[in-house]
Amino acid sequence: MSQPLSVTPGFDLWPGLLELELQQALVSSVLAAAEVAPFARYETPQGKPMSAAMTAFGPLGWVSDRAGYRYADQHPESGQPWPQMPQALLHLWARLGDAETPPDSCLVNLYRGDARMGLHQDRDEADPRFPVLSVSLGDTAVFRIGGTRRKDPTRSLRLNSGDVCRLSGPARLAFHGVDRILPGSSSLVPGGGRINLTLRRAR
Ligand code: SIN
Ligand code: FE2
């Protein structure tokens, strides 16, 4: 496997790691999953609807509402378990995430139009020794990453379809977000937009 680019200590990027066929297969898996676990725009605890729509694969899915952020073992609207994690994602995690412990959650974000994601830390997981592994599909994202304090300087980079990145070690709790996507930069996702998959060990 190619060597990653170390963007900042603990933040590694593998540009174009996933070949087109795998990107297409993952989009198909997401669309099939969304039939049983529909994309939803969750509210923040403050009652603001998020601009990215979300669903999940695996035993646990990340959800948000006025009661707060948490991992849940079922879809909040259907009450059904989340769809199974695609094998390809389990393999990717075994290579780049953790060889012994599988991920128990994959958050699926869909960005269309002017959807974005404000700077935040991923800190709802029980053990930050496990990395977060992120797969980008479809339109390019203008991604921002800083340090572990909100006020730390940030840098901006583009995440293209097929790119994989990892937050681990000193970057595991780094602030990060998506400033915007570049609509029309990819034709991978039917109807346009960007899908981001983040693999995590939540519990
Ligand atoms: C996230 O932080 O949950 C998503 C990041 C991304 O969409 O690239
Ligand atoms: Fe995040």
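Glycine residues also receive a Cβ, built from the backbone N, Cα and C atoms like all the rest.
As annotated by TrEMBL, substrate binding site applies to Trp62, Tyr69, Arg70, Tyr71, Asp124, Arg150. Positions annotated as 2-oxoglutarate binding site by TrEMBL: Asn109, Leu110, Tyr111, Arg194, Ile195, Asn196, Leu197, Thr198, Leu199, Arg200. Look at TrEMBL and you will find His120, Asp122, His176 tagged as Fe cation binding site. Positions annotated as domain 'Fe2OG dioxygenase' by TrEMBL: 102-203.
Sequence features, as recorded in TrEMBL, placed on the structure.
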{"residue": "Trp62", "record": "substrate binding site", "contacts (Cβ under 8 Å, 6+ apart)": "Met54, Ala56, Tyr69, Arg70, Tyr71, Ala72, Ser105, Leu107, Asp124, Arg200, Ala202"}
{"residue": "Asn109", "record": "2-oxoglutarate binding site", "contacts (Cβ under 8 Å, 6+ apart)": "Ala52, Ala53, Met54, Met117, Ile195, Asn196, Leu197, Thr198"}
{"residue": "Tyr111", "record": "2-oxoglutarate binding site", "contacts (Cβ under 8 Å, 6+ apart)": "Ser51, Ala52, Met117, Asp139, Ala141, Val178, Ile181, Gly193, Arg194, Ile195, Asn196"}
{"residue": "His120", "record": "Fe cation binding site", "contacts (Cβ under 8 Å, 6+ apart)": "Phe175, His176, Gly177"}
{"residue": "Arg150", "record": "substrate binding site", "contacts (Cβ under 8 Å, 6+ apart)": "Leu119, Phe175"}
{"residue": "Leu199", "record": "2-oxoglutarate binding site", "contacts (Cβ under 8 Å, 6+ apart)": "Leu89, Leu92, Trp93, Gly97, Pro103, Ser105, Cys106, Val132, Leu133, Ser134, Val135"}
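In this structure, Asp124 (substrate binding site) belongs to neither helix nor strand by DSSP; it is coil. Per DSSP, the domain 'Fe2OG dioxygenase' (102-203) is made up of 3 helix, 45 strand, 54 coil.
In this structure, Asn109 are the binding-site residues from Trp62, Arg70, Tyr71, Asn109, Asp124, Leu197 whose C-beta falls under 6 Å of some atom of ligand 1. Asp122 are the binding-site residues among Trp62, Tyr69, Asp122 whose C-beta comes within less than 6 Å of an atom of ligand 2, given in sequence order. According to DSSP, Tyr71 (substrate binding site) is assigned to a strand segment. For the binding-site residues Asp122, Asp124, the largest tally of other C-beta atoms within 10 A is found at Asp122. The substrate-binding residues named in the record, Trp62, Tyr69, Arg70, Tyr71, Asp124, Arg150, extend over a maximum Cα to Cα distance of 23 Å. Scoring each of the binding-site residues (Arg70, His176) by how many neighbouring Cβ atoms lie within 10 Å, the top position goes to His176. Cβ neighbour counts within 10 Å, taken over all protein chains shown, single out Ile195 as the most crowded of the binding-site residues Ile195, Leu197. The binding-site residues under consideration are Tyr69, Tyr71. Their Cβ neighbour counts within 10 Å are lowest for Tyr69. Summary of the Fe cation site environment: with the site residues His120, Asp122, His176 set aside, the chain residues having Cβ atoms within 8 Å of the Cβ mean position are Leu119, Gln121, Arg123, Leu167, Ala174, Phe175, Gly177.
Mapped onto three states, the DSSP output places Trp62 (substrate binding site) in strand.
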